[in-house]
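Chemist: Here's a structure for you.
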Number of protein chains: 2
Amino acid sequence: MTRPFNFSAGPAAIPEEVLTQAAAEMLDWHGSGMGVMEMSHRGKEFLSIYAQTKADFRALMAVPPEFKILFMQGGGLGENAIVPLNLSRGGKIDCVVTGSWSQKSQKEARKYAQVHIAASTEASGYTRLPDPASWDLSSDANYVHICSNETIDGIEFQTLPDLQALGSKAPLVVDFSSHVASRPVDWSKIGLAFGGAQKNLGPAGLTVVVVREDLLGHALDICPSAFNYETVADNQSMYNTPPTFAIYIAGLTFQWLKHQTEGDLHGIAAMEQRNIAKAELLYSAIDQSQLYFNKVDADCRSRMNVPFFLRDESRNDAFLEGAKARGLLQLKGHKSVGGMRASIYNAMPLAGVQALVDYMHAFEKSQA
Amino acid sequence: MTRPFNFSAGPAAIPEEVLTQAAAEMLDWHGSGMGVMEMSHRGKEFLSIYAQTKADFRALMAVPPEFKILFMQGGGLGENAIVPLNLSRGGKIDCVVTGSWSQKSQKEARKYAQVHIAASTEASGYTRLPDPASWDLSSDANYVHICSNETIDGIEFQTLPDLQALGSKAPLVVDFSSHVASRPVDWSKIGLAFGGAQKNLGPAGLTVVVVREDLLGHALDICPSAFNYETVADNQSMYNTPPTFAIYIAGLTFQWLKHQTEGDLHGIAAMEQRNIAKAELLYSAIDQSQLYFNKVDADCRSRMNVPFFLRDESRNDAFLEGAKARGLLQLKGHKSVGGMRASIYNAMPLAGVQALVDYMHAFEKSQA
């Protein structure tokens, strides 16, 4: 039986191979007599899973040795507080607002830091990215925050800003929750990156934080110990009990990613090529249609989250019902934006996007 | 094949029926075409799991309607900060220190509150509970914190203190992580209770918080939104993406608990009877032996976590090796205490404790 195609924005589709292996090992992991959920996080079985998962992420994402990889809890919204608690030093930070997520981040950061909005596209309705050359960066910011892929608005930085070239000495903080592992990352431009796992890495309840070592050790006194990056790093992400099963599923996902190929490419490079092909297929179907449209400037459209609208919104429910009948699930847009949204993360094959495009054509034709 | 018996202190054994069902539903939950991990937390499928899980916990634990049930992240160590951020109002709190966990709690609370130690058994090496009549309770405390079961030290409150009868008007905060759902709870004595799920409720990465409504709305300004109880309550535990799969496993565990019976008893009452029988079997084997001993006063020994020592510590490794060979896993004591620890949570059947006792007899005999 073919599984339906699941376009959820997160929690989102997991590769079938990952789920199959997790099911097979549920009661007995590698002859240990225990399922992964039942293992002490300090036992040799789980420690081996943890070490492999961390090493695989480092290798896949080419994370340089001067960065620590932390497995935490609380998701992106948790990090909106945890980042300024650890990095703001109670002083100034620069925020670039390009959609719903970076908007939430700057609001939360105001509890702990003096927030300066270096650029915002709110007035445009979040349909474009502000040119970095125009950003009003502070000379004394402790960091600059961006969201490199806005899940709700469907906007993605195609290249990260080079803060040094823009005259800022601050480290760049990147919320890459919804496109992590979909493309290579230029770590030379980054001080810290964080992402909830539930889009491209695994299940909800795990947050991956990648932080340059020199940024550790400056947390505010009011930072909870469980969310102090230095404490978490010093304890190998086991200061508090980590979300062990979520880490295991992320690890299986990394194994799956390692084995993906496109021509001569493998791993993240292969995923990027596949993701480009998926996004081009979907956006060109939208752009060529009379019924569907997308509001985002072409040069910053997200490869992962594709919001689109029907020109006749009264047909929304019919569109969704027909999609579901064809096994195309969770296409309803975010409540704050409306319309439709197709999230086409790594686990979505090209065949799934093709099935969606075929359905969109057929639906449009049936409306004529 | 019989599964080994897993005595881990947490993450800990999960009922086999729960794991079997989770494995069977991993790729397709109830014909939805999605695994639970892949569902949007805002879709009707997951919302039905969430509602059932919450309702089952309320029914099983007889949680009165004036209490909110919250599903959060960060574990017990996270709550050590989150509780004072929400309830201390920046003023005074009373802490009762009876072991490693309540010790950690009071230390962390000092970041946010003026901590008064109302009682401590540190001098006794945490082998007894202080008589509540002797507690030095403050007239102006915003809450009184206890850990009702000390996982590392093996100490349990057999009845909760009645603060009102002791002359305190403060609400009681209870860390019940390691014995939640093992016995009924007297909610009339409680303002807030919290527990990490990874002992008796499910997998690591989920924290259950039960809080009386009148205690909401007093968080400090510096409380992260994702950990503000009122925000979490107002958003049905979905302000940030909840740990959906962990909630689902907890829900399956609650279903399993509902169906447990002992004679005329069912649910938590049945579990309590079974847990009493398990604990009596193990403690009496320890007390009657010449080789093993437990240091805790008989009236406050934990039914869940049974630390014990060999009088000849040079035999520790041999004891553990022999246990493993018999399928008795994860018996090594906490590194801060040494010796052995058998955690015999709800998922541990009487047969598992019997197998441990049989092995302990045989091992002792072999040493004679």
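Each position is counted from 1, following the chain as shown.
Keep in mind that glycine also has a Cβ here, set from the backbone N, Cα and C atoms.
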Chemist: According to TrEMBL, B:TRP101, B:THR151, B:GLN198, B:ASN240, B:THR241 bind pyridoxal 5'-phosphate; which one of B:ASP131, B:ASP175, B:ASP264 is listed for that same site?
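Modeler: Between B:ASP131, B:ASP175, B:ASP264, TrEMBL records just one in the pyridoxal 5'-phosphate site with B:TRP101, B:THR151, B:GLN198, B:ASN240, B:THR241, namely B:ASP175.
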Chemist: Tell me, if you would, which residue among B:ARG42, B:LYS199 (recorded positions) has the fewest other CB atoms within 10 Å in the structure shown?
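Modeler: Taking B:ARG42, B:LYS199 as the recorded positions, the minimal 10 Å Cβ count falls on B:ARG42.
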Chemist: Just name the recorded positions among B:ASP175, B:GLN198, B:LYS199, B:ASN240 whose Cβ comes within less than 8 Å of a chain A Cβ; none is a fine answer.
Modeler: B:GLN198, B:ASN240
Chemist: If you measure every Cα to Cα distance among B:TRP101, B:THR151, B:ASP175, B:GLN198, B:ASN240, B:THR241, the residues said to bind pyridoxal 5'-phosphate, what is the biggest one in Å?
Modeler: 29
Chemist: Sort B:ARG42 (L-glutamate binding site) into helix, strand or coil using the DSSP assignment.
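Modeler: For B:ARG42 (L-glutamate binding site) - judged by DSSP and reduced to three states - the answer is coil.
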Chemist: State which of the following binding-site residues has the fewest other Cβ atoms within 10 Å around its Cβ: B:TRP101, B:THR151, B:ASP175, B:GLN198, B:THR241.
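Modeler: Among the binding-site residues B:TRP101, B:THR151, B:ASP175, B:GLN198, B:THR241, the lowest count of other Cβ atoms within 10 Å belongs to B:TRP101.
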Chemist: Cα-Cα separation of B:ARG42 (L-glutamate binding site) and B:THR241 (pyridoxal 5'-phosphate binding site), in Å?
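Modeler: If we compare the Cα positions of B:ARG42 (L-glutamate binding site) and B:THR241 (pyridoxal 5'-phosphate binding site), the gap is 9 Å.
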